[in-house]
Amino acid sequence: MISARSAEALTAQAGRLMAHVQANPGLDPIDVGCSLASRSVFEHRAVVVGASREQLIAGLAGLAAGEPGAGVAVGQPGSVGKTVVVFPGQGAQRIGMGRELYGELPVFAQAFDAVADELDRHLRLPLRDVIWGADADLLDSTEFAQPALFAVEVASFAVLRDWGVLPDFVMGHSVGELAAAHAAGVLTLADAAMLVVARGRLMQALPAGGAMVAVAASEDEVEPLLGEGVGIAAINAPESVVISGAQAAANAIADRFAAQGRRVHQLAVSHAFHSPLMEPMLEEFARVAARVQAREPQLGLVSNVTGELAGPDFGSAQYWVDHVRRPVRFADSARHLQTLGATHFIEAGPGSGLTGSIEQSLAPAEAMVVSMLGKDRPELASALGAAGQVFTTGVPVQWSAVFAGSGGRRVQLPTYAFQRRRFWETPGADGPADAAGLGLGATEHALLGAVVERPDSDEVVLTGRLSLADQPWLADHVVNGVVLFPGAGFVELVIRAGDEVGCALIEELVLAAPLVMHPGVGVQVQVVVGAADESGHRAVSVYSRGDQSQGWLLNAEGMLGVAAAETPMDLSVWPPEGAESVDISDGYAQLAERGYAYGPAFQGLVAIWRRGSELFAEVVAPGEAGVAVDRMGMHPAVLDAVLHALGLAVEKTQASTETRLPFCWRGVSLHAGGAGRVRARFASAGADAISVDVCDATGLPVLTVRSLVTRPITAEQLRAAVTAAGGASDQGPLEVVWSPISVVSGGANGSAPPAPVSWADFCAGSDGDASVVVWELESAGGQASSVVGSVYAATHTALEVLQSWLGADRAATLVVLTHGGVGLAGEDISDLAAAAVWGMARSAQAENPGRIVLIDTDAAVDASVLAGVGEPQLLVRGGTVHAPRLSPAPALLALPAAESAWRLAAGGGGTLEDLVIQPCPEVQAPLQAGQVRVAVAAVGVNFRDVVAALGMYPGQAPPLGAEGAGVVLETGPEVTDLAVGDAVMGFLGGAGPLAVVDQQLVTRVPQGWSFAQAAAVPVVFLTAWYGLADLAEIKAGESVLIHAGTGGVGMAAVQLARQWGVEVFVTASRGKWDTLRAMGFDDDHIGDSRTCEFEEKFLAVTEGRGVDVVLDSLAGEFVDASLRLLVRGGRFLEMGKTDIRDAQEIAANYPGVQYRAFDLSEAGPARMQEMLAEVRELFDTRELHRLPVTTWDVRCAPAAFRFMSQARHIGKVVLTMPSALADRLADGTVVITGATGAVGGVLARHLVGAYGVRHLVLASRRGDRAEGAAELAADLTEAGAKVQVVACDVADRAAVAGLFAQLSREYPPVRGVIHAAGVLDDAVITSLTPDRIDTVLRAKVDAAWNLHQATSDLDLSMFALCSSIAATVGSPGQGNYSAANAFLDGLAAHRQAAGLAGISLAWGLWEQPGGMTAHLSSRDLARMSRSGLAPMSPAEAVELFDAALAIDHPLAVATLLDRAALDARAQAGALPALFSGLARRPRRRQIDDTGDATSSKSALAQRLHGLAADEQLELLVGLVCLQAAAVLGRPSAEDVDPDTEFGDLGFDSLTAVELRNRLKTATGLTLPPTVIFDHPTPTAVAEYVAQQMSGSRPTESGDPTSQVVEPAAAEVSVHA
């Protein structure tokens, strides 16, 4: 096997190899082939097959001369599609078939023996004697011909699989379909053998007679001529039909075609197969077939009966009967496979009788058809030739497997024949072209490009750039699924740095952090060598960073010394005397099982020997894999391969499963450079350390390592270390963000656009020349009984509308108008049928760009104006128009790897993004008297936490997260009321996984509560209790005004006040009044927290009296209005921290009113303990009820704090620890549908391995009969889980209800559900039918809704729906699939809006074949890649899954992006609007929020200098909009309208303060707190900043030091 990058290089390579073989007559051809099999594969390929050295040389000679002869396959992969293995039927048999392969290939022999033994159980004679005997007539008898073909075909298929030729589809011809069914996994070997023998025996027992005639005619021509007793047996090609039946009738038809000059051929058969003459055997055969149990195909399987992919009835008894009687639709099968993307057909059987039929059947397109065992050619040469033919045109072949067991060994062969061309420009006088031209020193090193000497010190810095493009060999160093720069590479970098300063010894080098390599991403490296000390030693460090905007990461550090180590021992005697060879024939396979997935460049280890405690190894640099050892001291791939011997030696002696990496190198000296073939000796160097001596091929010294220490690392630790080091890629989940856009009414000339017409008018033909037609979907409502039915009805209607529209070919726009089908963040999706219609319409948009616009609105809109905006999808809420953009989901805070002593803290920058994780060692200190240590599961977030994070808390801010819940880990002295294992809630004093707390401040969690529910109680209920009961001493019959009544403290205070007989008045924003009404308030007792109208309203309701108590958390004029509402003797309780008044001034201005600003901490531990007990008792007696809770993973704290700061929550916001979800799932049961599919199986294994789930229920229609179910269950059981595989059609409501009823009786509580089932039936919109929609909807919509209803009353922690990105972006040809998945997306939002667990994972493309991706060809994958979507591995998919669960937004788009492809589409103007926020734009200055303000001002002033006034303003407007977008959580500055008022954009007092903080840092100006309200739009603020920057200071509208008096987070109480 030879390959090259060009045709010229291929012939040159053949010439070099031919000359080498001729010059070395001792070379064994097997060794040559084995060595070539390990090389990299390029585009231009050739395979030479020969039985002798002479034949191989002749083949190489013809190839080198450009005239390839017999036994030589030459080709170049084009658009490689799917591969099909075809099994021939009766007539292909011949005496001796398979005998040569049986003797040459053990895999063929093993498979043949297994099949023959099974067949012999049913045959009257041993099959081997028949096939390899001398009686051809016996073999030709149907009784033996059919089993014989089955045996040879199954064994041939085993060879193909062993060689790595893995087909996408299989099909057979007549009895050959039984071999195909077995190959696809439908039939077990025992069942298939029984069936094939019975088939042949029963046919043989029929009376002889009848005729079969092949005629050159079409099926349509033959069909009218058929009469009684004769039929069509096979349609082998469009113009090749076999007639079968009574001899006279068959011959009569044949004679008619012969008379027309058509080719007619009488087949030599004993019976007329596939004809009416077969009917006497059918009944008995049906009884045999009924004993066979069919399974779901593991490969695509095409049916002879239908000519299409096997359907649900494939393999039934009736099917096999029909298969005997009905025609073989072989031509239809071949054509259907071509429509599925098949380009390569391999006939696996004796002869090549089907190749012609396939070629005739296929459309005139590129397709290769080869036969594996051609007649009149040695069988092994024929099989190898077939493999070579498909390989040269793109089908993967594992040539190393071909040579396995041959005894071949790797030998030195000529390296690649480079076709050298010069692409470098000749340096001119205009600029430097190398390091010297830039004033830098050149290194002449392959990894380091330049050296810089510090002029003011003795320090030296060496720089370089690494990438998988420039150093492709690095891509072969894969550890636990991650491409790592090898530890040996750091040694090479430091050795070169030592050479620069005259230090020949690495005294020590410790690896601090991995250097991860990502495709398409370059990495800068710097080796920093410090100044020499008195003894000449120098510190050395290696740093890396991904791009200019990232910080440097320390990867390694150590010390250099001057003197080299002593010369190592002599290894000239080789192999060493007395050393025993160690078998490493499967060495790299063993290493792969332990996480070392080394590619060819790192597979240089060729031999190992052992002598006592010593170990010896030989390594050869794989030059053909791009490992060039020149310009290196010791190539990292060579040194790394040396160390592989250690891994294999451990494997051989200890059966270790650890993955270990180099950690600390000591005493390293390089004695010679450029070695490509080395010998190595290993010896013990103390505890856990080894020494290494490396010599060249003559035994002379190359490298010495006095001591090397390795350390184990798991895949999880590696991922955590990569993340903590900032080395993770930016490929996290995406979310759909609806951003406000500006809409200008009127056309270009200011005139209004023509009015739109309705769909009814369009259908009636009365639409005239309207440019916009509107089809409005009537809302289906939300009745549970009608939801599924409404989805079917709506999608059917939508299909009819879309098909009519697209068929009309009108130059107009169709507007699909819905209400509640999509929504803003946090909104309920009230019309799930509309959600499904959006999915279908998105697919129609993708197929027909520019013809359809989707609009979802809450009020009447002008569709003509919106249709002209240029956005394909729009959402209108409250008069504001929004457009969707994909945006990276919020980044997770990085947690310390393997560290539990940490705490969430404010970062000090005045913004919520500054939240950080800080070490907290005090929680691990020894316990004092009365203390307990708690493993925290959940922490409540309060308003004061948000205030503290923004730097607004007066005085010393407390730790974030005052309250929480968890489990007691340890008790200190004098603790009597609590024990280890108790679940407790209370005041834990910080947001982290561990807390130490006084026992007085916690109490036990009530039975049946979750930790999140418990964490929501202490602060809010005790704050309300302390304020109302202790401070206000409120009494029955009095009245209280509670501001922010839907917040945590507000809802708690409402419950307590009512419990005590108090009349309650409450405020909230109007959007939350329905919540208040649901709490039992009438409108007379509800006020608006965004205006002061509540004062007048409540005075009127109370007939001018007012209220007795105010519980306040507002600021500014809201405080004054509330004070005016108090009666004489009234009590004003201030919980807020932003507007605290002077009590004496209040008393003077409001006679008789008592003003008290308070904090719960004033109560003291003893009183807090009493209140905790009292509250707990009221919960136990059900006089108090738990609050609504919104949970966030603590790693999403910035998003949670922002959610709370914007007053979007109802009840409490709670942060859960990363382990909380795993703990909940591990304690309960998780139900997975579709678990045997590609996605479901990966997630099932991940839940067990990563989350510790111990009870799994895998539901599918076929239960344990589903393909792969038994294997999956066994794997999960071995991993420690209890697994139940159940047969349940989840689309059947009664079946689902029954399943969950059973689970409630027999299993731990269900805590999680994953719905991963689904089916495909792809077609473009114009080809879809209602039936095809229903097929796809049933598996997704019915099933998901049934699961939703069955679990709505359960306390789930996870309800995950496996959706598809097709629903989000609109996938051409998948309108039904997009509709079904859009329903899932809407259902997840619907559940979250109802307070239930719910997330929809819109999966992108999985790299793993099978399941939903089985139908995709390489052409499909390439198209998807060009679109900007990259395939993800299972490891990458579960990382996205974990991140999505942590972020917990209703919709997570789980896909990897190809940024280069996105950029290319953007530059070509072909990037959909939805993706526009993901393409990298021209580089702009980014504001450094943590930078020095003075430097920011200076930099900004420099940018403004020299610009015209309008240009300055434009720049500043962009700056303000950028910071505003960051505060509002929008993707970019373009998502903020510069002329919209901040209040309308969504700003309130808190967010206004944050924006002011950001602008202060970005501009360097001292900005007043009221700047956002004094200048109400981004443009106005930019104008103000421009004046300040120019030195002009306008008159302020008020005192710049005054308090902000705008509405202050009206619904957020101080502790809620």
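Each Cβ is built from the backbone N, Cα and C atoms, and glycine gets one as well.
Features as listed in Swiss-Prot:
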type	residues	note
ACT_SITE	Ser174	active site, for acyltransferase activity
ACT_SITE	His477	active site, proton acceptor
COMPBIAS	1588-1604	compositional bias 'Polar residues'
DOMAIN	445-719	domain 'PKS/mFAS DH'
DOMAIN	1514-1589	domain 'Carrier'
MOD_RES	Ser1549	O-(pantetheine 4'-phosphoryl)serine
REGION	83-397	region 'Acyltransferase'
REGION	445-567	region 'N-terminal hotdog fold'
REGION	445-605	region 'Dehydratase'
REGION	579-719	region 'C-terminal hotdog fold'
REGION	910-1215	region 'Enoylreductase'
REGION	1228-1409	region 'Beta-ketoacyl reductase'
REGION	1588-1616	region 'Disordered'
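Per DSSP, the secondary structure of the region 'C-terminal hotdog fold' (579-719) breaks down as 37 helix, 57 strand, 47 coil.
In the domain 'Carrier' (1514-1589), helix, strand and coil residues by DSSP number 53 helix, 0 strand, 23 coil. Straight-line distance linking the Cα atoms of the residue listed as 'active site, for acyltransferase activity' and His477 (active site, proton acceptor), rounded to a whole number, equals 48 Å. The average pLDDT computed for the region 'Dehydratase' (445-605) is 85. The residue listed as 'active site, for acyltransferase activity' carries neither a helix nor a strand DSSP state and counts as coil.
The DSSP secondary structure for the residue listed as 'active site, proton acceptor' is coil.
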